[in-house]
């Protein structure tokens, strides 16, 4: 039933059920605003920042940096609006700790619950598969540099990563990841500094490619590349789990999420702009989709010291484990809600056994998919365009317009509507661009391959 903005009430109760183990165990509300900031930073700031120079390549200096800034400002605005909707509902006795329940309640449609849970679960499972694959790729890079003719294959490293995640996944709650996510924040700062320093060194070296910042001579290619870059930027800023992160805050939550967002976006300002500028400056229109590939070309010497590149890959590997844990929390919450008994302790045998079994099976499934589909990055591109855009760019402004009901002719309502329309279009174009890349790469796809398709 629909949320009644005027009365400040809704037609069905939303109080958290005392028997809801998903809420009691996985989404327990004990955190501070800086803990939420750590969770947000891990959800948004990841190795995808290494694709940002490539995004600038599609638009050039002025437009690229302008769009990066605009999308950053829009996502901060969107996330702050969603936080306000959550606080608005809670102030009226309707606390929501799950994205799917918030959307279904505010938008007044039963199918919206299933739409959000399907999209959110698909994104989170896709990210989990992708992090296992990329972490295994990092291990393989390190292994082959030490033992070029060694017997281990990609699937061996996938198993190693999955076992590590299975062990870490036994941390019972989102809140219990706060120290890991603080370390993740430090790791993101670390590899940002290392990669940026490597790009500056490469740009000044005699082996660096000639600096060329020109765009394609074809107007149609320029347009297509610009929209592809915009969809990359939109996906990089996405997370899709803000309500679940806000649920980890200890009450009262009013105002805390804005502080968490400020912390997160302070890190974003550093980790997004620095590699974008240095990577694009160093390699220009020759920059690869991952700037590390430009620093380690297939032919010729590496353009950065081996120790620096190795340390960067290690930092990326460790942060990928944290990202995998964060994006698994929605799946774990669904499992816990349906399998655990909230009346017994979270560490009771009754709850530990199904937790151990279900989370390990989930990660085994993700590992199997990563081994079977080493070209999964292309599929994730489609999922990201179709998933992150509605969850992070469309639904927040739509829910705000309905729940807080600003006047329809007010600048706020019109701006929210414009954002919704523009980014719905960006999502459609991004999905088309990702599907096009999927088709172009199809010739390289091979099930259970030992090579990851970029």
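Cβ coordinates come from backbone N, Cα and C, glycine included.
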Transmembrane segment according to TrEMBL, located in which of 36-57, 102-123: 102-123
Proximity verdict for the transmembrane segment (183-204) and the transmembrane segment (356-373), three or more C-beta pairs under 8 Å: no
Beyond the flanks of the transmembrane segment (154-171) by at least 6 residues, Cβ under 8 Å: 132-133, 135-137, 139-140, 143, 177, 180, 321, 324-325, 328, 332, 355-356, 359-360, 363-364, 366-367, 370-371, 374, 448-452
Remote residues contacting the transmembrane segment (412-435) - C-beta distance under 8 A, at least 6 residues beyond either end: 74, 77-78, 81, 224, 227-228, 230-232, 234-235, 378, 381-382, 384-386, 389-390, 393-394, 397-398, 400-401, 406
Which of 59-81, 303-327, 356-373 contacts the transmembrane segment (224-242) most, counting Cβ pairs under 8 Å: 59-81
Chain residues in Cβ proximity to the transmembrane segment (356-373) (below 8 Å; excluding those fewer than six residues from its ends, i.e. six or more beyond): 125, 128-130, 132-133, 136, 154-155, 158-159, 161-162, 165-166, 169-170, 328, 331-332, 335, 339, 379, 447-448
